[in-house]
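According to TrEMBL, the feature domain 'G-protein coupled receptors family 1 profile' maps to 33-274. Per TrEMBL, transmembrane segment is recorded for 22-42, 49-68, 102-128, 140-162, 168-192, 213-235, 255-276.
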Amino acid sequence: ENISDFSLNITDCTQVVVPEEVFFTVAAAGILENLLILIAVVRNKNLHLPMYFFICSLAISDMLGSLYKTLENIFIILCKVGYLTRHGDFEKKLDDAMDSMFILSLLGSIFSLLAIAADRYITIFYALRYHNIMTLRRALVILAIIWAFCAGSSIAIALFSYEAATVIPFTILFPLMMFFILCLYVHMFLLARSHAKKIASLPSSTVHHRTNTKGAITLTIFLGVFLCCWAPFVLHILLARFCPHNPYCACYMSIFHVNGTLIMCNAIINPMIFAFRSPELRSTFKKMFCCSR
């Protein structure tokens, strides 16, 4: 807020404010949609597969992002009406906890996308050995390691967020992981094209290949949506840390509320992609809502 107030004095860009009702509505929709994904996977035993467990991990990350913005806005409202102060010890601890939740959501989303990408890669190029390589137990161990690392990192980053040595690795991690996943995609699609020619004469293999390619395309959509929704906020963090007094940086930071809304929109869009691309999930949702025979 101090940076936002200062930016009004050095730039002609006015602060863009998103109504609190919009924040709460979008956040509630994101939490509800991702909760439905978790319930659907738990209820349908056919979805008890490593891929859907990784998708559940991504859904939990999205829920944390929406919950973070909801709690942050409640915190701001309580400060405005005088129930909380801005510089008290309790408020500082509460702010650190919310920052930790935000970082946990971001890191959880990145590593969940990476796990889904690796799972798709193994599915496409090691199809015959997939169930030996990616067992359910191994998938759960991977998720436990991911969330333990993300939880530890989020606490450390939140506690030392004012140190450049903490901010720089955190902000570098985002483009680095995205670049790694992008390289994995490029390699995946290039090999998929060559494999498609070799298995064109095998009808069953062709169907299997098309199914796996569809999964890779779905993952590409996830990544594109994730970049569009999270990259503006990560850029805001970089600018606020390294050039808060620059008029151009301050002008960009005036749309802070819009960038926060984009994060919550990611939590709404991802479940829609799940439901649209997965026939098994669509069938489960129909049974849940329509109580079909």
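Each Cβ is built from the backbone N, Cα and C atoms, and glycine gets one as well.
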Beyond the flanks of the transmembrane segment (140-162) by at least 6 residues, Cβ under 8 Å: 53-54, 57, 96-97, 99-101, 103-104, 107-108, 111-112, 115, 170
The transmembrane segment (49-68) versus listed stretches 22-42, 102-128, 255-276: most Cβ pairs under 8 Å: 102-128
PLDDT averaged over the residues of the domain 'G-protein coupled receptors family 1 profile' (33-274): 79
